[in-house]
Amino acid sequence: MNSLWPAARSSCLQTWVTLQTCSTIDGLASRLAHGAIRPYSISSAPFRRRGPGAGKLEIENCGWPGALGLRCSKRFYASKRRTSRIPKNSTLPRELPPKKSSPKATLGKTIYTKYEQLPADYEDQMGLDYREDPITEEEIQAIFGRVMDIDSAERFLKVIHGRRVAGTLPDPDEPSSLAYWEEVAQKNALAWLRKNVPVDEDENATLRAEQELAEIEGDIVTDSKRIGTYVPNVGGGVTRGGRINLNMYKPNDLKVPAEEKTSVYGDSGLDAIRKANQAKAAALEKKKKEEESNQADEMRYNTGTLDHVKPRSRVELRRKGEHPWLKHFEKKAQETVPEVIPEFSAFTRLWPSALVVLLTVGVSCTLAHFYIPPLRASRMFPDIPPAVVTVSALILANTMVLFLWRVPPCWTMLNKYFMIIPAYPRALSMIGGVFSHQAFTHFLPNMVFLAIFGVDLHDEVGRANFLSLYFSIGAACSFASMAGWVWKSAFISSGLGASGAVCGVMAADLWYKRDKGISFFELTPSIPAWVVLGMLFGSEVFAWRRASSAAMKQTLDYQSHITGYIGGMAGAEVIRWRDRIRKRQAEERKMQIEGVMK
């Protein structure tokens, strides 16, 4: 089971990968066309260098506009990146004043409102303090409603305020790439901060754009020096931005050869040798210039200024999610959840799903009790072991749902019945979520562990007991996950995946044969099965407690995993108890038959 807290799992995870076309040309010209013509930064993280001296720029990937469901974008909880600085090799005048601490500091907190005051250790993920006193629960409800706890709201407001000061707020004229709930939360947070914490956002964004321009021009100067086309301050003048025009490229026809000196003694042999060497060097230089002419010509028209991307730009990247076909199904999929989170009580949200879980457990146990294995001749695949057939069928079902997440017309159905959404729960998602995976990296580990432990458990307990355990534990894990989010009022979250059911299968297999030894590929000493189970369960509890105590972003559904381990051990113990009863009844019947025979 996979989930995000307080963010939601996307409901069509990166489907654009199979649909978009994007060309990458690793060259100076393509880098300039891609990075040097942006009017200002619209990303949550500034331009960054890949390494010292490297002239390439990176912009953090902030998610795909086609991602559906309730998802909190990476732009709010991105990887730690520090603010870029003007490079040392820049030849432009350093007009930006050095950053200094704000004089306003109370109770150990410093409130920054200007870009010049931005601390050197500022990180986009941590944000900036926006006032001295901590925010109250009443203010949180007034801003966001009841969809966000106080810790998440505090961190959210810090990140938004930090971007106001750093000048990295998204451009309001650009199409939004956020999910509906995320966009509403950002608008409410910005409105509240602008009312209570005045900041000149336009000035800060302008200073940030000038700093990025200086960094880009510094890289261009470095590259032009490297290829030998840099001529400093030729032509003079001031650009429209008020900066010195570098005029880095001087045409060959402007090069005036130096006046030759004549000697009263005539040309010597050394002069002839020197002239021959100079002619040879000039020929080599001309050949080198011709090889670099394409790159130099392209640079000559794309240096020194920032401009909007036009259709005739040399490198064009299609925006993700702009295809009308994708937008149509994206809109339909988003309509499966109401625009406003319903004000339901916890009982109202949970009782339909609880009934489905109880019904699933009851039907599974009943079928397991009355199931009679067919004869080998009556089986569909008589030559394949029953355990392999059963586990392969489960893996095939998960694979089909993984493929359906790549088919846009199926997004509406998948959002309804194959994703667990606490804000608007649907009872049948307790079963559908067990077979749902959006990413191959989530799907592959679950299926590998299911194949290893599932076949072994099937051989021990039989097909009926195995399927009863799988469906019952999977439904219970889905319900435990949703109940946890409802109890925390973390409604901007979602979950899916077979992790809970797989953890239950692993626990049932290890607990059923807890007295036996386990050796990994016969390379390690034999370890009791209950020791391995204890290590797995303990590590899961430790990770859950660590994430809860540190208020970390929860990307794994620990509630579902722990429920799976507990359910697997309980199910294995019930099967062992039934086996003992059946064995005792068989011995009693045998004794009765022997008594009658005597």
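Every residue, even glycine, has its Cβ placed from backbone N, Cα and C.
On a predicted model such as this, the values are computed, not experimentally measured, just so you know.
The annotation transmembrane segment is assigned in TrEMBL to 350-372, 384-407, 427-455, 467-485, 491-512, 519-538. Annotation source TrEMBL lists domain 'Peptidase S54 rhomboid' at 430-572.
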Spatial neighbours of the transmembrane segment (467-485) far in sequence, C-beta under 8 Å, 6+ residues away: 1, 3, 5, 349-350, 353-354, 356-357, 360-361, 364-365, 367-368, 390, 394, 420, 422, 425, 429-431, 433-434, 454, 457, 461, 491, 493, 495, 498-501, 503-505, 508, 557, 559-561, 563-564, 567-568, 571-572, 575
PLDDT averaged over the residues of the domain 'Peptidase S54 rhomboid' (430-572): 86
Counts of helix, strand and coil residues, the domain 'Peptidase S54 rhomboid' (430-572), according to DSSP: 104 helix, 9 strand, 30 coil
